[in-house]
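Below is one structure, written out as structure tokens; comments come after it.
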Amino acid sequence: MTTCHFCFSLLIQFVEGNGEVWKGYFYAVLMFTGASLDTLVLTQHFHRMYIVGLRIRTALISAIYRKESTVGEIVNLMSVDAQRFVEITLFICLLWSAPLQIGVALYFLWGILGPSALAGLGMMIIFIPLNGVIASRVKTIQIRQMKSKDERIKIMNEILNGMKVLKLYGWEPSFEQRILKIRNKEVRVLKQAAYLNAATSFVWTCAPFLVSLASFATFILVDENNVLDAQTAFVSLSLFNIIRMPLAMMPMLIVSLTQVSVSIKRMNKFMNVEELDPNNVDHDQSEKYPLVIESGTFSWGSNEAPILKNINLNLSQGTLVAVVGTVGSGKSSLISTFLGETDKLCGRINTKVVNALLIYIYIFLQGNLAYVPQQAWIRNATLKENILFGKPFEKSLYHRVIEACALKPDIEMLPGGDQIEIGEKGINLSGGQKQRVSLARAVYYGADVYFLDDPLSAVDSHVGKHIFDNVLGPSGMLRKKTRVLVTHSVTYLPEVDLIVVLKDGEVTEKGTYKELLEKKGAFADFLMQHLQEIGIENTSSEAGE
């Protein structure tokens, strides 16, 4: 960069003198070559730094996505805070290159203007504390603005998820006022930040001109013999122009550094949130049983009370295991433990499935393992695509699955059949229909191990019997698979291979239906309590009639 300005000085000397013509062309070619190389290097620099920034952003988003927090916070961290690292990488080298460029330019200015160049340097020094005060204020405003943004996105997410309830109760005006109140507060903060950023840009844009004015005025006034000729003026202006670029970029760098410092604090707080240990679950393929827990104690957090205590289970290949117990006994937590979603306080857990990348899709697929939760998850796609879920379409298997999961009558009633769009942007399905779609997705997937968290609770008794007989039971499509079924229904228990009884987070009994009845222990008590509850419900319904 300084080579161009040195050639510029020689070119001015050539124009003022009577040198040979070839020298003028030579100086012009040197200036062109230097400017071209400068542009090429800068372009490559910004391109490569942009790629670095994108990689940082991708890594941060990947880390953020695996954390547990509110949707509003996660969206902001992924879309706003992570993006700021892309922006800062474009200018990060200015931290060392800007002072270097300014120093080199001042060195040459000293050779041309002498001590008068210090006047310009003094003018630049005056701007530094002024910009520091503004940057500090901008940082404070940024923190306030991000808090308001988190709150607004959180409420907007609640509104969109509960749109039907909001419409039915006529709550639109009140929620609109809440959003507008937060938005107005956010806009006020944004205006303050915009004014401060404009002031910063104005100061640093004017800086090179004020520096030039101070230097030239001092140069002329200090000594009467100092003459501001064309060579001195143009070369000095050219060197001051070198200073202009880093000075003009300094506000952007300072603002970006301020924003990134806020983002780093937010991300640091977020990243320090407790994570699940991926090594909680072993995947030893030499293990005899596909699912094993030995002396296991588990909790939802390292500092929380255990939810499962002293668990010992060895589940054989191809068996149907029913997990029963009262509400809050730890049935769903047991499934979460096999999935690695709880903290292991002590003991050992092993699943003979490939530990692939966790994709949280509510039918949780991890290698050859499938999970069907109580709350079914439906994609914004056609019913057929929800069942296939990216798997190749096999006509015979597909029709067997929808028949076994009792979806055929529903598909025939739908106006578009299995091509109709369901999910948030499509038609609304009932809870039972959603559960059957979720179950059909798992069956079509063809896993080796199935975890089913009370999938029959949302369907009628005759539909439940059809699904059990054709999917889950001894003659169902999954008869050769390992199935862990959490259920509150005692109807199907005589047909399962093993019953695990949970009470207060502990396995109190396990065995076949006949064995547990003969023991007359916790399972017999659970069965009696369940039958009494059914009797009370029947009596109440008869009285109502």
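Placed from the backbone N, Cα and C atoms, the Cβ positions cover glycine too.
Of the given residue ranges 27-47, 48-68, TrEMBL assigns the label transmembrane segment to 27-47. Among 27-47, 88-110, 116-138, 88-110 has the largest number of CB pairs under 8 A with the transmembrane segment (242-262). Panel annotation: around the transmembrane segment (116-138), residues 102, 106, 109-110, 193, 196-197, 199-200, 203-204, 207, 210-212, 214-219, 222, 226, 240, 243, 247, 250-251, 254-255, 257-258 of the same chain, lying at least six beyond its termini, place a Cβ under 8 Å from a Cβ of the stretch. Sequence-distant contacts of the transmembrane segment (193-222) (same chain, at least 6 residues past either end, Cβ-Cβ under 8 Å): 109, 113-117, 119-124, 127, 130-131, 134-135, 137-138, 141-142, 145, 228, 233, 236-237, 240-241, 243-244, 247-248, 250-251, 254-255. The domain 'ABC transporter' (291-529) scores a mean pLDDT of 85 in the predicted structure.
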